[in-house]
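**Student:** So TrEMBL lists the following for this protein:
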- Cys79: active site, nucleophile (ACT_SITE)
- His167: active site, charge relay system (ACT_SITE)
- Glu169: active site, charge relay system (ACT_SITE)
- Gly47, Glu48, Ser49, Arg105, Ile132, Arg133: L-glutamine binding site (BINDING)
Amino acid sequence: MKAAVLAVQGDFIEHENMLRRLGVETMEIRQSADLSEPFDALVLPGGESTVQGKLLNELDLMKPLHDKIAAGLPTLATCAGLILLAEHIENDGSYLGTLPVTVRRNAYGRQLGSFYTESQWQGIGKIPMTFIRAPFITAADPTIVRATVDDHIVGVTYRNQIALSFHPELNDDLRIYEQFIKMADRN
Ligand code: GLN
């Protein structure tokens, strides 16, 4: 299996390291020419969603990535990646818009918004969760919700998309990636 990691901004290297630990081959998407190489799954890393969104438009990556995800490409999105996927963003316009949720950017506040906790992910168990100026989901169909922290939705799985508010690439726990790989294998 080969996973492509969006590498225009943010902490894409950390995702590549996690995937490689599980024997997954990785490649980086930096420009539209990179899309001609075949891949089985996509990771949208954390970072700054406004910058990533602007670069996706400037690099002509927005529509091709949208079309691939909408067509069923297994996709793991974290933090800014979740914002890129969301159909609605309370405090911004939308980007890829393939995930039927509403998110609030910087939902925990800008400066004091970074923290660590552990919480249940449905079907996995308790997992470490590192939040960095994170968004959370303010509206989603209850059937797609997989994790909450203090009554806020921080993880969803919808069809081919797994999206989380936090950063699994920053903790030594591979279980979210294992779920992702299972999903991609089924594909
Ligand atoms: N606050 C960032 C944004 O709005 C997301 C932060 C992150 O990815 N760690 O894009």
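Cβ from N, Cα, C; glycine included.
Just so you know, TrEMBL annotations never went through curation; they're auto-generated.
Source: prediction; values computed, not measured.
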**Student:** Measuring Cα to Cα, how many angstrom lie between Arg133 (L-glutamine binding site) and Glu169 (active site, charge relay system)?
**Tutor:** 15
**Student:** Identify which of the following recorded positions, namely Ser49, Arg105, Glu169, place a Cβ less than 6 Å away from any atom of ligand 1, and list them by sequence position.
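**Tutor:** Cβ < 6 Å from ligand 1, in sequence order: Ser49, Arg105.
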**Student:** What subset of the binding-site residues Glu48, Ser49, Arg105, Ile132 lies within 10 angstroms of His167 (active site, charge relay system) at the C-alpha level?
**Tutor:** Ile132
**Student:** Among all chains shown, work out which of the recorded positions Cys79, Ile132, Arg133 has the most CB atoms within 10 A of its CB.
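**Tutor:** Its Cβ has the most other Cβ atoms within 10 Å: Cys79.
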**Student:** What are the other residues, in sequence order, whose C-beta lies within 8 angstroms of the center of the C-beta atoms of Gly47, Glu48, Ser49, Arg105, Ile132, Arg133 at the L-glutamine site?
**Tutor:** Gly10, Gly46, Cys79, Ala80, Ile83, Asn106, Ala134, Pro135
**Student:** In whole Å, note down how far the CA of the residue listed as 'active site, nucleophile' lies from the CA of Glu48 (L-glutamine binding site).
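**Tutor:** Rounded to the nearest whole number, the Cα-Cα distance is 9 Å.
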**Student:** What number of additional C-beta atoms lies within 10 angstroms of the C-beta atom of His167 (active site, charge relay system)?
**Tutor:** 22
